[in-house]
């Protein structure tokens, strides 16, 4: 493999344009995405999911980026304008927002491939040698330069980034691949009920991460052919990739940690349980996702907030947090916070007990509340004395959503308050 830090890779990234698919709702997140697209969802105390693929682009040296939006995009667009508009267009750097605008058809984006097809004129104007198509709703840290080097080294027409996952986890959830000994893709199945087992890893299958590198001319050919096919759903995983495997050089790039030779960190966070768990992993002493790695920072919009504050140390009340992440603007006023994430501007009032919970921005939790294993959506005001997560039958009766694994989602609408911004 070519040295990922070489000037060679720098030239490859300069010849690359990235298009991030950020128009999905994330329906398995239920009410959490009623008012926002999944890529706009908060994650990790201060970030949004879209910040991860964008940061990967910047850190990899890819500075021509388009973000394709569609479903309830207001909060996503606002975040991109505030946090990702600092590039120098005159130097060929930009993050541009590409909403569905019916360029090539009277329809909005009809699928992942159609979304790229409807922006062919923009790609043509930029004339990149390679086009990287990225999913905008996954959490991971990845050097795309290494994948580009692999793509060129193998002479691939298309390279698909992939990761080894347990078969039971992939069934019905991910596109999976069958590969030969050289990682050439022999078969691609979109969300099969019975994924193909890896020969070298029993119990595991090779799942698509939803990231693709195309040679630009090859991409144009496939998109135009797909657009003319009335039977197609215009989706990369369902239509384009299965159709080109036989007669094209399509490769799988395994996303692995070279130091441990194991699968690298990658989370789909597509369900309430997986979203809650991925956040909870971050409060562990040494989580696999290192948000403190200065060599690979996650960039985001920085709000101007005061430091977090913890007050009261009386016999009957003490404001503190343990095994937790607490963001700027938070005040823990005589309450207990354990194994939880508090996003910005959260106020935990006296005598409150908050445990194993993810609290999104601008939340007020009033006195004597008891909350366990919950996701509290932005802008909620938890009334005094409210108990959440300790009696699931009662939670369900009040209109809260309780997952199969016992995580409770609370939104403003469920509390009878105003709809989220």
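If you go along the chain as it appears here, the first residue is 1 and each next one adds 1.
Cβ coordinates are placed from backbone N, Cα and C, and glycine is handled just like the others.
Annotated features in Swiss-Prot:
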type: BINDING; residues: 109, 175, 190, 191, 208; note: alpha-D-glucose 1-phosphate binding site
Span of the alpha-D-glucose 1-phosphate site, taken as the largest CA to CA distance across 109, 175, 190, 191, 208 (Å, rounded to a whole number): 21
Cβ neighbours of residue 190 (alpha-D-glucose 1-phosphate binding site) where a neighbour is any other Cβ within 10 Å: 16
The one of 191, 208 whose CB sees the fewest other CB atoms within 10 Å, among these binding-site residues: 191
